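Taking it in order: structure first as structure tokens, then the write-up.
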């Protein structure tokens with residue numbers, strides 16, 4: 001039975017929930033396929049995550065390996081293939097709680113970086129799981145700065161082998177997933193030396209464990225790096241190599257080859273490889289970032305209409321906490337952000353598909369723009385969504401702090417996305433470098449890529465809004481965002497030039513501008529997100545109330561951004577204080593409007609109870625009952641030796657009844 | 001041997017580290033006593049936290065109980081008493097990793113709420129640990145809103161007993177520490193009913209477990225609420241009562257008594273009790289909030305001078321990451337905040353001590369101000385410091401995400417402080433209510449408490465700063481903060497009045513202003529923090545470089561607050577855009593200045609390696625070595641059954657050598 005406080009929220013939806021779900025999935029047929037995959041996975045007890053919050057790191061690892069092995073069988077059974085329409089829903093249905101993800105990266109790196117011969121040898125072995133692969137790039141001492149990796153691979157012409165070594169402790173491979181305990185093979189990135197000359201970083205296939213008994217190979221020291229904030233199911237590992245020899249054929253050689261006599265040959269273009277790196281940042285947005293945020297919104301919003309606390313009106317029943325303006329102000333902007341980033345992700349996917357087609361035609365013109373967008377958006381979206389999940393967690397008070405709410409693990413999981421696949425600050429500075437370059441070009445009348453043409457059309461002006469309703473016009477707020485982006489980029493470019501002209505060295509000047517460059521890059525991405533959201537809404541069908549509610553969310557996202565960052569808009573007087581008060585008024589009005597549809601909106605995300613795995617967020621809203629039943633199963637409710645050992649001796653001389 | 005990259009940072013300190021430590025401790029004698037306590041605790045292997053990051057919740061609980069029992073012995077051995085000078089350092093030295101903290105709250109509640117007879121009976125039993133106490137207030141359905149608690153206590157004149165019940169699931173006690181597994185007794189808060197009439201919430205001593213065999217008493221259902229983000233060592237519990245009878249003498253009756261015939265008598269003043277609740281919020285700032293932030297700063301800053309990544313100048317060695325402006329901008333404001341809040345905590349402690357003396361003289365005039373300050377500062381400091389610890393964690397990249405860095409547990413620990421002892425949003429709204437009331441009074445020419453007299457002296461004006469150096473004047477920035485606080489309080493008061501005058505009901509109007517009321521309350525606390533920091537710096541002795549570096553930190557704290565919230569200062573033109581650019585310039589300049597003293601500043605916090613418990617933050621800076629050694633001890637490096645069960649069958653048909 002559904003909690004009546006939740007049920008009543010569903011009766012007043014202003015739009016058709018099922019149609020919004022289809023919109024998010026990209027069509028009703030996609031919804032059908034996704035649900036079939038979710039059903040198949042969730043009805044299989046091997047994939048259950050029910051005990052997840054009670055398990056140790058060791059137990060989580062074992063379960064993840066079990067699931068990974070079982071998944072092969074399942075896919076065969078269900079007729080799912082890697083190229084089928086179901087494939088992309090599997091990982092989401094498993095909530096990522098499965099091993100051998102790096103095995104896929106191992107395979108991809110061979111496919112992309114390997115010669116045809118290498119592909120022909122290794123890919124079938126990997127596909128049939130006759131080995132378990134990993135990908136060993138990051139070292140203890142180097143993450144972001146790949147050129148600084150210290151592992152060495154010295155070519156020995158006598159034996160036709162590369163000799164791999166970890167010359168010092170900071171060169172130890174550190175973090176590679178599946179490597180701590182599972183992998184038999186890995187792709188090691190190392191500085192290639194031939195005849196004493198360094199040729200930079202290259203990838204080598206290295207066997208690290210025996211295929212007979214799984215013992216470490218000679219010269220290999222490897223293990224698990226221990227406890228982390230999350231990803232307990234993954235055996236992130238370390239790897240030390242001491243004179244480990246691999247045959248010449250094990251250097252992945254699509255782009256570079258070492259010939260038997262030690263001659264180094266670079267062949268083909270590495271640009272496509274560079275492109276692969278940037279696509280990874282885009283590909284993770286959907287499953288790793290948006291799904292956790294949507295889950296967190298679902299949990300926090302459902303809980304907020306079931307939780308009643310204190311009174312809004314004297315003499316009445318206690319109020320649902322979502323009826324408090326402060327609670328709306330915490331949660332509804334996060335919900336709006338989930339949609340904003342969902343739609344900008346569609347935009348980025350389209351752009352990257354287009355880029356991929358161009359590159360196949362050997363046209364690499366789009367690369368700098370794609371790189372800048374993927375870097376900036378990866379950083380902005382991960383940062384924004386991580387903060388959003390944390391807000392959802394805190395908005396649920398004490399119950400949000402219990403692992404059983406599901407929110408702590410969503411938070412600690414999404415937090416990692418700010419760090420992996422490029423540290424966010426570094427990425428934003430790469431975007432900023434592109435923006436400064438484009439701004440200079442645009443100022444000089446040169447052509448610039450489509451996403452930054454707005455830099456050429458700088459007009460001073462003032463915001464034309466005359467009343468609070470004007471701020472519900474996408475033109476008004478999109479232009480305000482555009483104005484801020486241009487101002488931040490141009491003023492930082494000017495500061496940079498001034499410093500250089502005053503004699504500061506170029507790299508020092510750059511460093512002295514980085515705090516502002518980061519702001520500029522964020523403003524650029526924020527502008528594109530708002531503009532894209534507004535354009536998407538315009539194109540939606542008007543029926544079933546979808547366009548109307550999406551318009552409200554778009555307005556809310558845009559006005560929340562202004563309200564939270566008023567200084568950027570007030571600074572040069574583009575927006576006046578009176579206009580800012582209109583923004584505030586419109587923004588607060590919108591909260592009350594969207595609050596009415598909050599539950600139907602999260603229902604449209606269409607998460608099953610099993611996928612939420614939350615005592616607070618279930619579809620029926622029976623929060624307290626679930627918390628109690630779940631807590632009783634905790635291992636902390638088994639007998640503890642602490643009583644016999646410490647409490648009994650302490651209490652032994654007390655009277656029987658006080 | 002100290003990592004040379006860390007050692008070199010200590011050679012250029014602009015001030016005497018030992019003198020700053022003494023300043024923070026409140027004198028060199030205090031430093032001596034604190035160090036003696038830390039030495040005694042850390043040299044005792046029972047108190048070791050070495051394996052903490054590897055332990056399960058069950059293991060953590062057992063260790064915490066062991067430590068609590070051992071601590072009694074230790075205190076006796078060392079001659080430490082509850083009234084001695086060492087006492088306040090014990091909890092900090094244990095890093096809070098000990099059981100029976102609620103036993104103290106149990107005792108305090110009896111001391112404060114109990115009659116002399118009750119105190120005479122229970123306090124000696126509790127002191128000698130002949131029972132283990134807990135404190136059962138929060139329920140599944142009610143935290144913040146105490147009046148809504150649902151547990152009932154019905155007086156039975158026939159038997160002279162109270163009959164306690166949990167009438168529905170939401171009434172179950174939930175969260176009380178030490179109650180899940182340890183406690184034999186607890187103070188239960190319940191709605192008192194006599195002859196069918198409800199008299200509101202009252203406290204009752206209830207035995208929940210047998211003193212003979214620790215089994216649950218008849219009618220009692222209790223257990224552990226399961227896994228949480230942190231506090232694994234605490235057995236937060238649940239409690240269901242079914243017709244549990246306690247004698248009439250068990251209702252704590254300093255302020256209210258039920259006579260044998262059921263006559264209810266209220267006696268004495270409850271105001272002192274109200275005061276006790278507010279002091280708890282202040283008392284937790286030092287150990288629960290500032291210590292974790294100072295530890296996080298120590299870890300992140302030491303790591304940032306040892307970690308080298310990428311190049312600042314082409315051709316040079318890789319740079320220490322603290323030399324990047326963006327890294328300075330992440331960490332140094334957090335360091336400044338640690339000092340700002342340390343000093344405002346001193347101010348609050350003084351104020352509360354004064355308040356306590358007044359109250360003992362039956363003068364309750366200070367109570368509303370003290371309540372407003374304790375609520376607002378609890379919220380502002382916990383929120384600010386939680387965000388700060390998260391920034392420190394993220395600033396350490398992947399290594400910060402490892403539990404071995406110590407940062408994840410500092411973060412998940414401090415995060416709870418935003419929720420417990422009053423949810424922050426609710427607390428800020430209580431402060432706001434006080435501010436609005438005082439603003440109205442001040443506007444009407446009535447006297448107001450000292451901390452808000454500035455509300456009476458509203459002057460419009462403009463910021464007089466003419467160049468960036470002017471913004472290093474405490475008068476300039478303190479006045480800017482004051483101006484913003486007054487503006488936010490007065491404009492929200494005006495909005496509230498407008499709404500009410502336009503016919504909106506009072507409670508609706510209040511709700512519609514709450515987002516802005518929260519902003520106003522924060523601005524008030526921020527202003528007091530800045531003003532107090534500036535006044536503290538002024539009073540410091542000029543010798544040993546202490547005043548100078550503290551002045552820099554005060555400036556940084558103030559300017560960071562403006563830089564991060566420019567809109568509040570620009571809104572009504574008090575600060576112009578040109579002045580805001582001066583703020584930015586001065587702020588960025590300060591980062592480079594303070595960066596030089598960053599390591600000596602965190603050294604002055606004087607944390608031992610054992611108390612930091614971090615692979616990144618040790619005094620010698622041997623980060624990579626420590627991570628590696630520590631990871632090897634992880635239980636995840638023991639043999640897993642996953643190999644025999646899943647990997648071996650998978651790999652069994654592979655060739656021995658590929």
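Note: Cβ is positioned from N, Cα and C throughout, glycine not excepted.
Marked as domain 'Acyl-coenzyme A oxidase N-terminal' by TrEMBL: B:17-132. Feature annotation from TrEMBL assigns FAD binding site to B:138, B:177. Residues annotated as domain 'Acyl-CoA oxidase C-alpha1' in TrEMBL: B:274-436. The annotation active site, proton acceptor is assigned in TrEMBL to B:421. The annotation domain 'Acyl-CoA oxidase C-terminal' is assigned in TrEMBL to B:474-651.
Locations of recorded TrEMBL features on the structure.
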| residue | record | CB count, 10 Å |
| --- | --- | --- |
| B:138 | FAD binding site | 20 |
| B:177 | FAD binding site | 21 |
| B:421 | active site, proton acceptor | 20 |
Short-range recorded positions relative to chain A, from B:138, B:177, B:421, with Cβ separation under 8 Å: B:138
C-alpha spacing of residue B:138 (FAD binding site) relative to residue B:421 (active site, proton acceptor), in angstrom: 11
Average model confidence [pLDDT] within the domain 'Acyl-coenzyme A oxidase N-terminal' (B:17-132): 96
Secondary structure tally of the domain 'Acyl-coenzyme A oxidase N-terminal' (B:17-132) (DSSP, helix then strand then coil): 84 helix, 0 strand, 32 coil
DSSP three-state assignment for residue B:421 (active site, proton acceptor): coil
Mapped DSSP class for residue B:177 (FAD binding site), helix or strand or coil: coil
